[in-house]
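Below: one structure, written as structure tokens.
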Amino acid sequence: MENGAAPTAPAVIVAIDGPSGTGKSSTSKAVAAQLGLSYLDTGAQYRAITWWMVTNGIDTDDPHAVAAAAGKPEIVSGTDPAGPTITVDGVDVAGPIRTQEVTSKVSAVSAVPEVRARITELQRTIAAAAPLGIVVEGRDIGTTVLPDADLKIFLTASAEARAARRSGELKGADVHATREALIKRDAADSSRKTSPLAKAGDAVEVDTTALSLPQVIECVVTLVEEKRAGK
């Protein structure tokens, strides 16, 4: 930093992967804020392109139609962990992308190779431009998007714990139905041909089932600080 400020820690790129309901978003945002890093929710980008497909009448069950439209929407992600934003063609879609309709279609859209290529390129560009480093959360960050990330973390939790957390986030959601939906999405994301949900071989696995959010955050912050100290 200029103006006689204390030298900053080396820029660090942190990849946090895992299925839904493991605490990825809450952990990633808090860690980024605590360490002065940028933050990127890659799931929101896939939700955003899915929302655009639905809004524009694209049949999300037709991979050819989805592939043909993949390059059309302009998706912009704000990376401030205190208030991350996402817009599509200039429209704020932070709320609309969290609907049940988008949630039910995002796996199918995300499985289309042309969509993954488009969004992956966008994610790499954002990560490379982060001045002090970035925490990037998703499902294939450590394996595909940023295989050279300084630190890779894979969050896990039991299906029951994840369902309870997700149903708390989705107003009025039934825990049993949420659990079934999570298991179905895990299967879809883990079995897709292009960039499946998977733990990188060099990732640190953190089971969040019995941990409070502050405990998970503390664990990840410690891992990042150890990695930065060794750079």
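Note that Cβ sites are derived from N, Cα and C of the backbone, with glycine treated the same way.
Copied over from Swiss-Prot:
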- Gly18, Pro19, Ser20, Gly21, Thr22, Gly23, Lys24, Ser25, Ser26: ATP binding site (BINDING)
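Structure coloured by features recorded in Swiss-Prot.
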| residue | record | CB count, 10 Å |
| --- | --- | --- |
| Gly18 | ATP binding site | 25 |
| Ser20 | ATP binding site | 22 |
| Thr22 | ATP binding site | 26 |
| Lys24 | ATP binding site | 25 |
| Ser26 | ATP binding site | 16 |
Inside 8 A of the center formed by the CB atoms of Gly18, Pro19, Ser20, Gly21, Thr22, Gly23, Lys24, Ser25, Ser26, which other residues of the chain have their CB, for the recorded ATP site? Thr27, Glu137, Leu155, Ala157, Arg162, Arg165, Thr208
Helix, strand or coil by DSSP: which one applies to Gly18 (ATP binding site)? coil
